[in-house]
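Just below is one structure, and these are the notes that go with it.
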Amino acid sequence: MADTYGMNGHNGHVKDRRSSSMNGRNRLYAQQEPQRTTHLSEFGKHMVAASGEFVGTFLFLYFGYAGNIVAVLQEPISGPNGTLANNTVMYIAMAYGFSLLVNVWTFYRISGGLFNPAVTFGLCLSGQLPWIRALFLFPSQIIAAMCAGGLVNAMFPGSASIANTTLGPNTSIAQGVFLEMFFTAQLVFVVLMLAAEKSRDTFLAPVGIGLALFVALIPGVFVTGGSANPVRSFGCAVGSRDFPGYHWIYWVGPLLGAALAAGYFRLVKMMHYEEANPGQDSPVDV
C-alpha cells in the first residue's frame, strides 16, 4: 500500500514519465487534427451564394413557367366563366411545387435555396439570415426571374403572359392581398420550421417546402393566379411585357405573409415551444 504512488520504489517517476508521454502524445494529436481552411472572404461567400440563388431561381421559375404554359395550351376544355379546369389547376400547382422541391434540394447547400424575396425577408425578420446576405440574394432572385420569363417567352409557343398571375372571377384586390398573404405565410413557416430550425427532419425540408407550395397553389391558381412569390409574378410579366394594374399585390401580400410567419416563429421560440411537446427529436427506437 505504501508503494501505491511510488510505482514500486521509483518514487512516481514512471508515472510522471508516462503522464508526460501521454500529454506530449495528446499535443501531437491536437497538432495533427485537420484545420478547417477558408478559401473565401466574406464578400466571396456572399457572391457564391448569390450565384447559386440566381441559377436556382432561374431553373425553378423556368420549369414552373414552362409547365404552366404547357398545361394551359394543352387543355381544350375550360371551367365555368372561362376559368381553368380542375386538372389544369392541379398540373400548374404540381409544376411549381415540384420544380421548387427539386431545385431547393439541389441548391440549399450553396445559397440556402430560397428563390423567393418573401422567404428571404421572412428569414431575416426571424433572425435566421443576416440582412447583408439578403442584399446579395434579392437582386439575384429578381434578375433570375426576368431571365426565366424572357427565355420562356422566346422559346415556348404562345406567350409568357399565359403564366401571368391574375385575379380570378369575383376576387377583389383586397381579397387578393390577404389571400397571397396567407398562401405565403404557409410557405414561409414551413421553411422556418423544417429548414431554419434544425431537427432530425431537416434533411427532408425540400420535400416539405415543395409540398407547401403545391398545397398553397391548389386554391391559389384559381383565386389569385397562385404566386406566393413576388418574383414568380414579376418574371413572366417582364418576359411578356404585360403587367396587370394590380401587380403590386403580388409584392405586398407575400411580404406581409412572410412577416406574419416570422412573427409567429419568434413567438413560439420565445415561449420555448420545444417543451410543449417534448421528445419529437428523440431516436425512434427510444
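Glycine residues also receive a Cβ, built from the backbone N, Cα and C atoms like all the rest.
Relative to the membrane, Swiss-Prot puts ASN87 on the same side as VAL231.
Within the topological domain 'Cytoplasmic' (109-135), the DSSP-based counts of helix, strand and coil residues read 14 helix, 0 strand, 13 coil.
The two recorded residues, ASN164 (N-linked glycosylation site) and ASN170 (N-linked glycosylation site), show a Cα separation of 18 Å. Against the transmembrane segment (203-223), stretch 88-108 has more CB pairs under 8 A than any other of 88-108, 136-156, 176-196, 245-265. Contact counts against the transmembrane segment (176-196), taken as Cβ pairs under 8 Å, peak for 245-265 among the stretches 53-73, 88-108, 136-156, 245-265.
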